Amino acid sequence: MVSHNGRKFQKRKKQNAEFEPLKPCNKLKKAQTKNEAKSNGIQRGLQSSVFFQDDEIVFPRGGRGILSRTEEADAQAEAEAEFGREQGFVNKGKERQKKIKGSETTYRSDGDEWGSLFGGGILGNLPKLANRVTLKNIAPGMKIWGVIVEINAKDLVISLPGGPRGFVRAEDACDVAIDDQNEVPDLHKRFNVGQLVSCIVLQLDNDKREAKGSKRIWLSLRLSILYKGLTLDAVQDGMVMVAQVRSVEDHGCILHFGVSSFTGFLPKMDEGGAEICVGQLLQCTVKKVDKGRGVVYADSNTNLLSKYVTKDIKGLSIDILVPGMMVNARVHSKLENGIMLSFLTYFTGTVDIFHLQTTFPSASWKQDYTEHQKVNARILFIDPSTRAIGMTLNPHLLHYKSPPVHVKIGEIYDNSRVFRIDGNFGILLDIPSSPENTPTYVHRSDVADEEVLKLEKKFKLGDHARLRILEIRCLEGLAIGTLKASVIEGSIFTHSDVKPGMLVKAKVIAVEPFGAIVQIASGVKALCPLRHMSELDIIKPAKKFKVGVELTFRVLGCKSKRITVTHKKTLVKSKLEILASYADATVNLITHGWITKIERHGCYVRFYNGVQGFAPRSELGLELGSEPSTVYHIEQVVKCRITSSVPASRKINVSFVISSKRARINEVGMVRLGSVVAGIVDKLTPTAVIINFKDSSQFKGSISYEHLADNQGQVALLRPLLRPGFEFDQLVVLDIEGSNIILSAKYSLIYHVEDIPSDITHLCPLSTVHGYVSNIIETGCFVRFLGCLTGFSSKIRATDHMVSSLFDAFYIGQSVRSHIVNVDNEAGRIKLSLKQSFCFSTDISYIQGYFLLDDKISMLQSLDGKVSNSNWVKDFNIGIVVMGEVQDIKEFGIVLGFSNYENVVGFVAQHQLGELSVEKGSVIRAVVLDISKSESLVDLSLKPNLINSKNVEQSSTAKKKRHRGSIFELELHQTLTAIVEIVKENYLVVSLPEYNYAVGYASIIDYNTEMLPRKHFFNGQSVLVTIEALHSADSSGRLLLRLKSLGEALNSSSLKRAKKLSNYTIGALVDAEIIGIKQLELCVKFGVGLTGKIHVNEVDDDEHSVENRLSKFRIGQLVNARIIAKVPRAGKHKNTFRWLLSSKPSILSGNVHVIEYSLPFDKISIGSIVTGYVVKVDPEWVKLTISKYVKANLFILDSSSEPSELREFNKRYYIGQVVTGRVISMNKNRRVLRLSLHSSTHKTPHDAVYIDKDNADGLVSNMMGAEHIMDGDIIGGKIKKILPNIGGVLVQIGPHLFGRVHYTELVDSWVIDPLSRYQEGLFVKCKVLEISRSSSGFVHADLSLRASMTNSVDLLNEKDMPCKCVDKIDDLLAMMEVYGYVKNVTSKGCFIMLSRKIDARILLSNLSDGFVENPDAEFPVGKLVHGRVLCVDISSKKVDVTLKKDGDGQLVKPDSCDFSKLHVGDLVSGHIRRVEVYGLFISIDGSNLVGLCHVSEVSDDHVDHIETKYRAGEKVVAKILKIDQERQRIRLGMKKSYIEEVNNTISNEDVGARDCRLPTLAQNDHSGIERTTDQEDDGTAIVLSQAESRAFFPPLQVSLDDSENFDLHNATAISKEIGSGAQEIKHNKDRKAMKVAKQEREREIRASEEKYLRNGGPETVDDFEKLVRSSPNSSFSWIKYMEFMLAQADVQKARSIAERALKTINIQEEGERLNIWVAYFNIENAYGTSPEEDVDRAFKRALQTCDPKKLHLALLGMYQRTEQYKLAEALLNKMTKKFRKSCKVWLSCMQNALSLGKEDIQSVINRALLSLPIKKHIKFISHTAILEFKCGVPDRGRSMFEGILREHPKRTDIWNIYLDQVMYFASYRFYLCFLFSELVLLCRKFAWEITS
């Protein structure tokens, strides 16, 4: 047995006694041996499992053997001896080799001892080194714990123990059975960076892109693999398991553990838990196992995960163990680089030195661990094949958190300290990172650039070194670094160091079909795309780039960790600036780029870092006629110049023309958009005709071939005939691209050039304009007008009938007519329709241009020699009779020849023979119908009616000529019936029977139907035509006709009437034909060549119609109309007129309404009266049109001042309505006016014009739109906001102008709550009281809504007649009765508003005849008061008012005669009215005067705490020391010496006679009584109210406000004195006395400070600085300083003072610091930009230093004072959770609920009783009952008291509180007798019990 074990042990590899070097992962990969590189991981795993098969018999489960301890020891000793002898022999043989090779060979063999893992079943010696996961020993099937470091779209990157990284594919991240979706799961939802996961190794692949021998580890997170073979019996309580969320239900989540035998359930967590999604992996703890139902109940709380330990159970195998389990373990032994642990009885595992309990293990770390020491550990990895287990003691991992890493790869640290030296393997350093230091290990190969043999000689403990981070091992919380200077100083270390445009040297490591992968310094890899490997296209990249070659590249872009580089020589060697961001694109910057896309209109250019620009065609530097695709190619490197840049929209325009000083076209001169020019052909190119201008040889233009003619067939004929030198007499300028002028020879564009728009503002919906097709796509056509103005017609709007492809209906360059459907000015989009039903021609421009160009083609053909001389045309005019010889007879007609013209052929169609029989060779007479000059063909007719017509004439060959007949009687725009004689390809030849068969021509195709099927016509067909052009040169000598679009024809009477009416006047009735429909008008023609317009409001009498009133009309329709106006035309037709007509039935019946013509825009100025038509009615605006290019806007509030009219705004205006108003602003660029209909605007001065800063180029407007508003104007307004309290009303009086209505200007009469009459959104009538304008443009307007001011008689109320409102302080007189609203309430009185500009003061003593206990409650802000003026100081504008009344209810007058009854030296008796720290205020009996007895005059001895010696209501005797009748002040003295001096002269009876008791005033604490004014402090005699007749019993008051400093314990201390013993009374008194003493000291300090501030206190910054330096811990001084700065409107300075105070005040002064924080909260709440966020930010800061409970209560008080009830409610919810055991917090919650009138009070009480300790229940219920009496339901409070007394009848303190509350309410006083009787009976019962 022993020998067997010895032989077995000898087969093991030698273990190195030295420490394992810790290297970066990439260096471990390079050091693999050849044998291990060839071996597969799976085979190694199988060999390892076979290697340990024999051992499993001896050591089942990897634990104990079957030998006894003695036998095992003997066998082990023998085996070790034998192994030692053999090993010693081997070592001797290698010593010489070691000396030769040096010690470095030994130290650099970094893999031998890590070649395999050692499990617990190995016989012989224990392993000397702890197990570690490396690329050598990792194998499929190994379970490993890792942390997610990167989440990608298709995989996860996981950091494993020891540094290797594994990858998890998306499909391996969860079980397929759970993920029902076929798509790739969203890994970002299910995982997060830093999450700890348990995974299993699937396979290892060789990574070709990494270094040689590197492996890529593929992992799986699928639970079906991780928990393979798991049964429910193996699951125990407390076990940590990984689960996957199968579904999310209402009460929790259904979990999946990878097996089908059982499922899991995770209850829903409380609020605040992270959101759980389906498929998410969770680490959870087993709380309960229901084996009957097969359900495992789990908990994912991280706190439980860190506490639960896996228990030792029967049948536990290694397959059940999962990484991440925490176990109880014992230290088994110590290894060289770690410790070995035993756990769960059968298992052993090792802990690496970097997974110990300490982050920085020192050299003596082994002393921290002893054998059998108990520790908690987690499983790090498990290798089932070798049974090796790795464990960790890392405290972060034990708490189930990944260790924090505070450094980043590539960072450099200068002061790294050497902490430990591990022989010659490496050193451990301490990096001073923040917030805590980070351990970093440096391998000996990375300690220096040169070779270091011994680390101990180079480094000492405590040395400092400069280090750079190479790698981070997330699971260990360890960084790997280097000390090499070459690496530290390197420019590129990580991906973040690579910048776009940087030149780098890189080595080619792989060449793929898509490009080359190169490696920059420090392992950073980049991709050189195939297209960037060279300037030219590369077919075989492998020949261009050789693996291992080092080349120079330039970085193109860096996106995440993906770096692209280029090897294009031009880019690499470029010296130009790099453009890597849109912000760097400055105008005229020259840089290199490369073309990515080539279009006809330009090229797209790419720059560095994804920046893209566009070079328009005009900036490509092309020669005229060249195409971009023929000059440039994709990926070509070009030099560009930035012409414009908009970084916000990421748009850059570039130019390939580097010189910025190019000749530009002067659009102001001859050549401009839409101008008609003449030019000569310079040369012909494959794509265009180059033109030289006659008047300017500097510029050239180009005509694309499709723009030579409107007809595509004529383009084909004209193109081969053009030669240099040919002259175009008319060309229209379509666009100007730099120095290139785009021209067109299309007759349609030249003819209609004035109507073709060049700007989107010139377009009107429903109008029809000419253009040409610029592009065709599958979904529609793009139609271009002048310049770049382009519209789009969708496929459905392009044709009347559906076509399969638009290319079958249109071609690029085709002339079209476009119907404007919609115009979006903001988006710059134009929707068009190309349907022929909307766009058919209303003129003969198409056929007219056709015949003119045909003549030109014929001329060019004759010049080119293709046809004979064209002189023959002169003898073949249309309509003449010629003689010809029949040369041939065909089936379809006969061919004639002419003796004088051999090359001219005549043709008579079969249907034109006229039933005549002809023979070949015979000479016949025929009439000319048509001539084709280009073909030398003449169409003839033999019909007798045509030949014998009076309109024909014989040719010279016939020598017979007839005079012209009635053809000259034809008039333009006549509609006639015609007969089709010949059907040509593009037109018809017709005859007019009514006019002796005159010959005319009508087109059968139109612009939009050129490629569509023609309408079928036949010879002899009758058609309706309109005469459009008579015989003239413009019509090529032909009679041009237009086929009628609709079938109606004029009757004979209308024809006759049309002949007679040649001169029309206003008021004439006409029959008009609609020839065009625009947005607001109908274009019609009538009479002889006359055109006019019918405006939309002149269509019918239905003025209230808001629909499109023109929709019922169609082009060609006839309407009856009356001429109502003549409008002069503009431009070249300025001497002609345009007629305005009306088709209203009322106008047709005889009521003629003449519309005046609007002025041009240039003649309009601010203040002008203009008239326009309503175009659109919006909720707040009316859009008007003044003329074709002038628009106007009318704002709702500018339309009227009457609210009734403003409410009916949309009903008062309708489309087409005529509106006249005054101009108040002008926008010259957009030609838009703003109008106003107010009569007050007529007073606007014409010179009051300002230039708006935002539109200084073209906008002439009033400042803020308010210059037309003057003081005293009556205008309309809309209430925008009702300001809180007495802020008044904010009224909108313009689009961006608002005015404020003062609280006193709301109504005429003084009423309670005048705001109740108004609501937001209400229209009102306002009067401008005052409007002020600052130099910066700000406008402030004061308005009035009073009916008497706005002349709104209907708003005057007979019951509330207007009262006189005092607007000037000079109008105020003493004793005048006034009304006012309370504006502000202070501790010294209140202020009221008498009017908009006058405020008055009411002192506290003048508020009422009686004592005012709480001025805030009795005089709330906004209350209406009635008083009398006491005094008026006009110089200081101060007014004092009193509200006191005399006995008859009249306002009291100041009684100054009382001073005459008093004399200095008299003794007077009185009662103390109030006690202050500086003295006593004494009410003198028998008068209404009050005097002040200073603290120094109270007693002959020094008085420390005057509050403890005197109380309000006490009777005293004092001596009058001084009377100041002018200032109304009395000084008194109470010293005993004063009383004795006058005791002889004044008897006690006299004093008693003047004694008159006044009621005692209740005072609970110092804050319960309001302080007097400044005059009272100096001894002012205040006019007092009459004494109340009844006695006043002070009730027990319980306040929960912190400002009152009320202690709940003191509330019951008074009542406890009745029934408590003497000892308890003494204890309570001592405690109370201590607290009172402390409060008195605080009051004394505060009083002295306040007195200092009152008596010439600080008034400047220097004074306050002295004050805070003298009292640095006084919050009072700091807060006063802050108030001073706020009064100066310096909020930022006030904040800085608060910060200073917090830094200055001693940290022990919690109360003072709390006061500063509360003041800070108030500043942020009142002046913060975002008050809620600013207060919350300050509150979080305060929580770090202040008592959280007090701070929460202070913030709650602020929210309640400022009426922010929602925030207060949210804060209370947090407080009741955070301070759930605080009685005061729950009472605050109760007070808030009662003050808001909430009904569900009982639920709050129930929650409080559940949260509070039992000992606080009585206290809470009693004070809740008090709150019910104060601000809730008293009956409910009474029930609470009775409930307490029912359970605790002996609590006399509760009885006393109950009685106090009942006495306070008069309705419960009948109940007092019963309560007192109950209390007496109870006392007797107690007394009897005591005596018995």
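Just so you know, the numbers here start at 1 and follow the chain as drawn.
Any Cβ shown, glycine's included, is placed from N, Cα and C.
Taken verbatim from TrEMBL:
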COILED    1622-1651  coiled coil
COMPBIAS  1-14  compositional bias 'Basic residues'
DOMAIN    141-222  domain 'S1 motif'
DOMAIN    324-394  domain 'S1 motif'
DOMAIN    410-484  domain 'S1 motif'
DOMAIN    501-568  domain 'S1 motif'
DOMAIN    674-746  domain 'S1 motif'
DOMAIN    766-835  domain 'S1 motif'
DOMAIN    879-943  domain 'S1 motif'
DOMAIN    1067-1144  domain 'S1 motif'
DOMAIN    1167-1238  domain 'S1 motif'
DOMAIN    1272-1346  domain 'S1 motif'
DOMAIN    1375-1444  domain 'S1 motif'
DOMAIN    1465-1535  domain 'S1 motif'
REGION    1-44  region 'Disordered'
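Counting residues of the domain 'S1 motif' (501-568) by DSSP class, helix then strand then coil, yields 10 helix, 35 strand, 23 coil. Shown for the domain 'S1 motif' (1272-1346): DSSP residue counts in helix, strand and coil, namely 7 helix, 34 strand, 34 coil. Averaged across the coiled coil (1622-1651), the predicted model reaches a pLDDT of 61. According to DSSP, the domain 'S1 motif' (410-484) comprises 7 helix, 38 strand, 30 coil. Assigned with DSSP, the residues of the domain 'S1 motif' (1167-1238) fall into helix, strand and coil as follows: 12 helix, 34 strand, 26 coil.
The residues of the domain 'S1 motif' (674-746), classed with DSSP into helix (H, G, I), strand (E, B) and coil, number 13 helix, 36 strand, 24 coil. For the domain 'S1 motif' (766-835), residue counts in helix, strand and coil come to 7 helix, 35 strand, 28 coil, using DSSP.
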